[in-house]
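Swiss-Prot annotations:
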- 1-19: signal peptide (SIGNAL)
- Asn34: N-linked glycosylation site (CARBOHYD)
- Cys35-Cys41: disulfide bond (DISULFID)
- Cys38-Cys47: disulfide bond (DISULFID)
- Cys50-Cys69: disulfide bond (DISULFID)
- Cys73-Cys88: disulfide bond (DISULFID)
- 85-128: repeat 'FU' (REPEAT)
- Cys91-Cys98: disulfide bond (DISULFID)
- Cys95-Cys104: disulfide bond (DISULFID)
- Cys107-Cys118: disulfide bond (DISULFID)
- Cys122-Cys135: disulfide bond (DISULFID)
- 138-197: domain 'TSP type-1' (DOMAIN)
- Cys139-Cys181: disulfide bond (DISULFID)
- Cys150-Cys157: disulfide bond (DISULFID)
- Cys190-Cys196: disulfide bond (DISULFID)
- 193-228: region 'Disordered' (REGION)
- 203-228: compositional bias 'Basic residues' (COMPBIAS)
Amino acid sequence: MRAPLCLLLLLAHAVDMLALYRRKKQAGTGLGGNCTGCVICSEENGCSTCQQRLFLFIRREGIRQYGKCVHDCPLGFFGIRGQEANRCKKCGATCESCFSQDFCIRCKRRFHLYKGKCLPSCPPGTLTHQSTRECQEECEPSPWGSWSPCIHNGKTCGSGWGLETRVREAGPAKQEETASCRVLSESRKCPIKRLCPGERNPRQKNRKDRRQRKDRKLERRPHQRGSQ
């Protein structure tokens, strides 16, 4: 009796160990059974509901699919946050990575990136950047111009501080091209060095006011002594 019973116990233990090994193998390969960050999870299909702030990424292999909860969606997918769930959605067919369904960040081979779109070729007036395959406008900035007069409240005179500005134009690299190029400008703080007509320097005005107050005090003293 003991021999068949021991054999039966060993067989049951072997079955349990085999099932445990399969579960560990599935979790290690990223297929079903990886329930990290899940609210609802199954060994066969993985996660179906994720914890808050995580994205549900569903990977399909043939007719089977496996869910996984991730902090960031993998390359070729972008995250969509919703009231019920956050999901990873696949980018467009020509996008390698994207910010949304309508805005690509990097295109697949043989496509060129222009204003978030992946195009077969760059539009007229643009050139392809060799490393990024981005379409860039053919503009070369000219040297900076001279600084403008220092202006405060629309005036070039006064006291205190104002702003001075300089500009440079970004013209087409080739004169025959008609790319739309922008004007660049920058401003910086500057001191107003010239007083407006009829205006006194605040420092001189303060000194004059102090002198007048001092003179009035001196005038009062003899009057006060005489009244005593």
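Each residue, glycine too, has its Cβ placed from N, Cα and C.
Rounded to a whole value, the Cα-Cα separation of Cys41 (disulfide bond) and Cys47 (disulfide bond) is 4 Å. The Cα atom of Cys73 (disulfide bond) lies nearest to that of Cys91, taking the disulfide-bonded residues Cys47, Cys50, Cys91, Cys107, Cys190 as the candidates. Only Cys47, Cys50, of the disulfide-bonded residues Cys47, Cys50, Cys88, Cys107, Cys118, Cys122, have a C-alpha within 10 angstroms of the C-alpha of Cys35 (disulfide bond).
With respect to their backbone Cα atoms, Cys150 (disulfide bond) and the residue listed as 'N-linked glycosylation site' stand 66 Å from each other.
When the Cα of Asn34 (N-linked glycosylation site) is compared against those of the disulfide-bonded residues Cys50, Cys98, Cys107, Cys190, Cys196, the shortest separation belongs to Cys50. Counted with DSSP, the repeat 'FU' (85-128) comes out as 0 helix, 25 strand, 19 coil. Note on Cys95 (disulfide bond): other Cβ atoms within 10 Å of its Cβ, all shown chains, come to 24.
The predicted model assigns the repeat 'FU' (85-128) a mean pLDDT of 92. A strand conformation is recorded for Cys38 (disulfide bond) in the three-state DSSP classification.
Cys88 (disulfide bond) sits 13 Å from Cys47 (disulfide bond), counting Cα to Cα. Relative to Cys91 (disulfide bond), the disulfide-bonded residues with Cα atoms inside 10 Å are Cys104, the candidates having been Cys38, Cys50, Cys69, Cys104, Cys135. Each residue contributes its Cα atom, and for Cys98 (disulfide bond) and Cys190 (disulfide bond) those atoms are 44 Å apart. Classification of Cys196 (disulfide bond) by DSSP places it in coil, neither helical nor stranded.
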